[in-house]
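Taken straight from TrEMBL:
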TRANSMEM  26-44  transmembrane segment
TRANSMEM  86-108  transmembrane segment
TRANSMEM  202-224  transmembrane segment
TRANSMEM  236-258  transmembrane segment
TRANSMEM  270-297  transmembrane segment
TRANSMEM  318-345  transmembrane segment
TRANSMEM  387-407  transmembrane segment
TRANSMEM  428-448  transmembrane segment
Amino acid sequence: MMNLSFFGRKLQKLCRPYFHFNFNSFFIQLCYFMILSLFGYLGLKASKPRIHARPNNFDLFYTSVSASTVSSMTAVEMEVFSNSQLVLMTFLMFAGGEVFTSFLELVFESFNNNSHTSTKNNQSVIISSSNSLPIKQVNNQIELGLVSTPNHHSSQDQKQTIDVNDIINNNNVPKGTIVSYNNNNKDILIRSNSLRYLSHVVFGYLLVLQFVGSFLVSMYMTFIPSARQVLREKGIKTLTFSMFTIVSTFASCGYVPTNENMIVFKKNSGLLLIILPYVLLGNTLYAPCLRFVIWALKKITKREEFSYLLKNSKEIGYGHLLPTFHSWLLVGTVLGLNVIQLVIFCSMEWGTQIMEGLNPYQKFVASLFQITNARHSGESVFDLSTISSAILVLFVVMMYLPPYTTFMPITIMDHETENDAKKDKRKSLVECLVLSQLSYLVIFIILICITENKSLREDPLNFNVLNITIEVISAYGNVGFSTGYSCARQLKPNGNCKDLWIGFSGKWSNKGKFILVLVMFFGRLKKFNMKGGKAWDLS
């Protein structure tokens, strides 16, 4: 045990310059997603699919990783999965979503903060028997950090030391006491309470949106005959479809229980408009929406914890709680990028075959839905293989951008940036060996081109570098966009070829799929290495 502990400390010290964060956090999250993926694979393997011919084991594992990392890369048709398997995948997407995992981080941070408070500050306060206050009032004041100071000139005051946690939990505290403690304890207590309130807000935000979205989709599928008929013909339960789709969209996964994804619903503009906000609320606009919810709760409850959260977003350390100005810039950036995509998409695809059968209103809603999903959610109302190459390149750029990409015309210099600027320019060996995110993606694309070299030569219309690049960037961005595979594009027709509603990677070799599995994990944890490649000077 001592050797393992020593090795762990050495490994953390060696890797800290590489990751620029607490190594323990990275290792915990990596283990979390690996265990979640393994659990999903075992569950999919143990449960029965709809058809008698079971998908092979690697494709089931590939699907489980896709759901757990919310990447939605498909190697098996979705309608192959039974209702119980769809429910299991719903759980995987819920547990793998960024909002839920960030909630778990908050819970652990709150626990660690309480433990740190107990050891560092001895959690001691002074109890005075004079000038009594009701114990409930003392409790509330302690939580707010507003406890009065006892009269130290009174020689008759009887003082004793107790645990602050006992006061907060109302344990073993005499009635009618006034509590005094130093300002350091006050700051720690208010931060601890604010973290606890923030975790409650995040969890409430998550559950309320899931419930409201599932209810609205269920109502739409129940009262709109054309949508209800689709589920009836495919044998999909309305409740399962509603929960699965909302959880998938909010978690930015992009899985839909139908083989055709959302293509089969492209004329149901009402359904698309119900789902569309969830593409933003769980991803690119989560941070501004969270700040708005906290601001609203502050106005309603007048709690000091909410004011503390709004004023001390940096000190809280929750990456999704951004300052006000940063939040507004993020909103402007997201809307701006969507407008640019919408203008380009409509100008190039409005009168093409993919819009056939849609009226102008349906064209606009479907186009808006498609370009909004390009940032991370990955649900499609159009077959990407029929979209122009210029649009596909635009989608590649959008998929590569991190969720909180922000256009900042004004340089914002925080303390961390200032400290980094003051650091010695000398870099460790590990820092010098680290590459940028884009460099790793190029390496992954090259490796996949090597593993699929035979197919690239024999089937160039399906297997080309652009399609492979789209698949890799989609997996890295945890999006799920894919050009698919068509037997009609084969130069040497294969009589055994059968068109399936699966992603392009579903036709790759197991080696190529395994590399894409690594890309999905890498993309899901990319936030830990966003500063890679600093040792390279391109001037």
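Quick reminder: no glycine exception, Cβ is built from N, Cα and C everywhere.
Curation plays no part in TrEMBL annotations; they are all automatic predictions.
Note that the structure is a prediction, hence the values are computed from the model and not measured.
Residues 97-99, 198, 201-202, 205, 209, 213, 216-217, 220-221, 224, 227, 245-246, 249-252, 262, 303, 306, 309-310, 313, 320-322, 324, 327-328, 330-331, 334, 365-366, 368-369, 372-373, 375-377, 379, 381, 403-404 of the same chain lie 6 or more positions beyond the ends of the transmembrane segment (270-297) yet place their CB under 8 Å from a CB of it.
Residues 102, 105-106, 109, 198, 280, 284-288, 290-291, 294, 309-310, 367-368, 370-372, 374-375, 390-391, 394, 398, 401, 404-408, 412, 527 of the same chain lie 6+ residues outside the transmembrane segment (318-345) yet bring a C-beta within less than 8 angstroms of a C-beta in it. Remote same-chain partners of the transmembrane segment (236-258), defined as residues 6 or more beyond its termini with a Cβ less than 8 Å from a stretch Cβ, comprise 66-67, 70-72, 74, 78-79, 81, 83, 86-87, 89-90, 93-94, 96-100, 206, 209-210, 213-215, 217-218, 221-222, 228, 230, 264, 275, 278-279, 281-283, 373, 376-379, 478-481. Distant neighbours of the transmembrane segment (86-108): 25, 29, 32-33, 36-37, 39-40, 43-44, 47, 63-64, 67-70, 195, 198-199, 202-203, 205-206, 210, 236, 240, 243-244, 247-248, 250-253, 255, 257, 282-283, 286, 318-320, 403, 524; these residues of the same chain sit at least 6 beyond its ends, with a Cβ under 8 Å from one of its Cβ atoms. For the transmembrane segment (26-44), same-chain residues at least 6 beyond its ends with a Cβ under 8 Å from one of its own Cβ atoms are 19, 57, 60-61, 63-65, 67-69, 81, 85, 88-89, 92, 95-96, 101, 521, 524-525, 528.
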